[in-house]
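As written in Swiss-Prot, here are the features:
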- 128, 129, 130, 131, 132, 133, 134, 135: ATP binding site (BINDING)
- 1062-1081: compositional bias 'Polar residues' (COMPBIAS)
- 1087-1121: compositional bias 'Pro residues' (COMPBIAS)
- 1142-1155: compositional bias 'Pro residues' (COMPBIAS)
- 1240-1258: compositional bias 'Low complexity' (COMPBIAS)
- 35-714: domain 'Myosin motor' (DOMAIN)
- 718-738: domain 'IQ 1' (DOMAIN)
- 739-764: domain 'IQ 2' (DOMAIN)
- 770-960: domain 'TH1' (DOMAIN)
- 1157-1219: domain 'SH3' (DOMAIN)
- 356: phosphoserine (MOD_RES)
- 403-485: region 'Actin-binding' (REGION)
- 956-991: region 'Disordered' (REGION)
- 1017-1180: region 'Disordered' (REGION)
- 1227-1258: region 'Disordered' (REGION)
């Protein structure tokens, strides 16, 4: 990667100037040979294995540092590589991190430089496994900052010394030997080094997080207590030994129980001297040091207190001399100490009044726990006092403005037995992981904003859901459940643990949580961790019992009283903060602090468990690579721009790739450098999506693009050949796809449609025993099965299928409802999703978990276990499924496609019996048959039913022996086109339909809506007995019915919209005389209104404006009615043919201007009772309304003429009213007398007035006209292009 020089931060910068002194690249023979890649974002293949291989190669070469962008990866070498000397440190001063090899000094230099250059707070987050080198990295950063901010002032030097002295002091009190690390930090630490206006360290601040105080009283085998106990017991002076009774560590239970008092690589005596020196540098007085060691002695002697049983089985002190000496060290009364250890005081309350006080004796186990609690409390408070005392010393100088923070915190822990300490540690790591991703993206965005780069925010897994699972209060998280359990059973730890286990049942629906008897699992970002419930509530209390508090408050030692301040009002009813509350507060404060600083990151890796400088354990390192999420970090970095370079450097590197910039290896371009960059990118055919040009830099998105540029010189023509091959393959694939579509159409013509055949099979299964809904009999109704598209890759159905854990092929899927019964309550109809696979039937429910929608399987039914399905003989949609040998109640479900569901079940299991009768029988409880009755009720919703008290009330449906209607002929919509390459279909906008449709042509698209909704109008005149909703339209135009919610019949197949009137929509199949050709009748327009001029478009032109039709007498009020019209009775030849055979008639004389209302007035052509929604506007036939807005979905926003009410109505139910203009219009002389039809209609020039009058004279003329119209229609369809097959594929 080329070098990037720093520049002054500016929002905008002028374009790069012309550069003419570009030199040829030269080979640096003195550079160390690079092994692997120094930045993991340049790896060709991103996987955990490839990252591990690269780290191994560099480790074996002595290169322990690697970058991921600005993140540093450090592998512990377990040896001195000589890379931390002053000479090495000097080479990194003032150098960009890309100018020198990866190093922790480069991170420190970048932090210090950014602090000075941008005056922004800096921080470094160091994370990794225990023993991976986190503390060492923190030391090196402090070493570099102290050296880089050199000053000759004594006060500044003293602050530097104190900052460096915090390391040995806090290591002694906060680190211990573990199985994995001889100097493992057992607490989190955030050190802020604060700088004055001259960027010199003038102050500091240390924040402590979660000391592992449990280690004070017990360790596992071959581990040790905190270092200070061994340092003090081995190196204490004679004065301390005489005054405090200090013995060797083998004499104390707390330091010898684990069997490890000495470590080969640790010199406790030397470390003790370093600790004393650090205390002196920080400024601890001798008196303060004496008190610290006094309490350390007391803690060691407390561990030697043992108990034995008395005659009553209670605990008593085995050796009172030890308690006497402990009382001497703590300066408390010995009798009170003994009483506090073996007894517990309990006080009862009666409301707001105090009750009786009892002294309850403890057994040996309880007394031992009290003893350990006292020792842990003293050490924890002592450690916090030391941190506070260090902070007091570090605040010596004023004037601190900016800071550099160093976070050294424990890593993610997964042990065989994990308890409260591990969940706290892992919770903090979850918070750090969250801020790591957020701040990484933030820094990326800032650079893109500086260079004015457009980019899309990176999508990544946000572990906020896991953090909320642990820390949330509403709904309660795990810590909140712990607090509630403690409050419920405060005195009894076992009872509190049981209460906590019960509360964990609340989290079972969370996908990141699992409950396993006495354990629970949290799915952290770094892996699943199993936690033990036992003992968690007791550790969460983090509170001394009342007797110990009174004991410590009675001390005469002022220092002990200082570290145990008065707890306040003892009678307060407020719950004291628990350990969980403290860690949540500390973690959130840490996140706030880090969010206010510019972050840097160091991820440390431990190469082996043997601490050998030569071993590299691939399996162990691979585990850490996954644990630290390095692959995710690389992908986040690469999701933005993996490579960025200044224009000059980019041109210098790649000018050979453009013939306009080079000739025979020489740079020949004389223009602007930015133009040269554009030429290179253009001539190399780099997609514009793969790069962006900023103010001074070019950004390459992926490393593969960069590598392609590097290899383009040799492979340019190969790439061009590949593009030609790719285009040819695309052409061949298009031909194959076209052939497949033709073959599919031919197969359907020969063998029929399998979906329609399945529908017919389903109708036979019903056997005429059940009343049918009108929508079930439509010709376009076919059994497609997977209505939710569960088998597709990206769809809502696929999402539900994935969440439900279904891997099989889906045969049938639909949304519906299921009856949910509760004891003592009315049954509820809950929305459900039904999915049928070849082996199981799933009923899936959805719930909100942490404000996120999730799906879960409520029922999983083996298809082979279904004995029968039960239905009523009415038109309702309820189905009862009887399952044998089931421990759950049988499901009673409601779905519009019940017949199709039963058909698929019957196909999968032929033994299933279909019971149809007046009742539905199913098992409401296992082994208990329950019957649901059905009855006719005309007050039921038109499109649904009413379920109440085990009774289904529904309207009368179609007879069960009704035959299925024939499928209408399929044709392409006149305003629809299909893009061959993309398959995108443009259905057009309703406003455009008026401009492009021919006024004389009744398109077949008027006879049915979108096939997905299944609402069609039959072409068979004998099947049409009643009027249908008439869509509104302009003069001389026809509108296609809306695609969505055009009528109530459409809504019948939409489970989410139940608007409309079923009776009106179903009436469209009865009266043949009402609508002879199934086309929407056109409302007659007054002659005084001008005809809108259609927009020019290719293809046939619409005919001229027609004149008034002849008739017996003029109509006083021309109103649109669903009746037989003269216009619809006349055969209409094709517009092109008509243009060739006869000239158009002359237009009528221009009408005088007429007053027009401010908003169009429409009239209801049919009754629209609505579905009960407050957003709908129920109408009666003949009601007049204003229409303020029409939506493409098929709904119009209507308003009463007096403005008293407003709501939505189906556009197909209303027609534009002419009565509103009747008083404003003036009579206009027509060019021909009116006929006797009673309705004045406009003719678009396709037929003569005489032909129209003759057609209206007799009923036989109507039949002949209809036949001629159908014949003309069929003739036109034969001449249409082959694209009609595309629309046929979209039908039911």
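Numbers here mean position along the shown chain, with the first residue as 1.
The backbone N, Cα and C atoms fix where each Cβ goes, and this holds for glycine too.
Classification of residue 134 (ATP binding site) by DSSP places it within a helix. Residue counts for the domain 'IQ 2' (739-764) under DSSP, split into helix (H, G, I), strand (E, B) and coil, are 24 helix, 0 strand, 2 coil. Classification of residue 128 (ATP binding site) by DSSP places it within a strand.
Figure note: comparing Cβ neighbours within 10 Å for the recorded positions 130, 135, 356, the maximum is reached by 135. Counting residue by residue with DSSP, the region 'Actin-binding' (403-485) contains 47 helix, 7 strand, 29 coil. Residues near residue 134 (ATP binding site) in space but far in sequence (CB under 8 A, at least 6 apart, same chain), listed by position: 126, 127, 128, 185, 408, 409, 411, 602, 604.
Sequence-distant contacts of residue 131 (ATP binding site), defined as residues of its own chain at least six apart whose C-beta falls under 8 angstroms from its C-beta, comprise 76, 180, 181, 182, 184, 606, 611. Proximity of residue 129 (ATP binding site) to non-local residues of its own chain (separation of 6 or more, Cβ distance below 8 Å) is seen for 180, 411, 412, 604, 605, 606, 624, 627, given in sequence order. Confidence in the domain 'SH3' (1157-1219), given as mean pLDDT, stands at 84. Summary of the ATP site environment: with the site residues 128, 129, 130, 131, 132, 133, 134, 135 set aside, the chain residues having Cβ atoms within 8 Å of the Cβ mean position are 76, 181, 184, 411, 604, 606. Remark: residue 133 (ATP binding site) has 74, 76, 604, 606 as non-local neighbours, by Cβ distance under 8 Å and separation of at least 6 in sequence. According to DSSP, the secondary structure content of the domain 'SH3' (1157-1219) in residues is 4 helix, 28 strand, 31 coil. The Cβ of residue 132 (ATP binding site) lies under 8 Å from the Cβ of 74, 76, 411, 604, 605, 606, 624, each of which sits 6+ residues away along the same chain. In this structure the alpha carbons, written CA, of residue 130 (ATP binding site) and residue 356 (phosphoserine) are 51 Å apart.
All chains included, 25 other C-beta atoms sit within 10 angstroms of the C-beta of residue 128 (ATP binding site).
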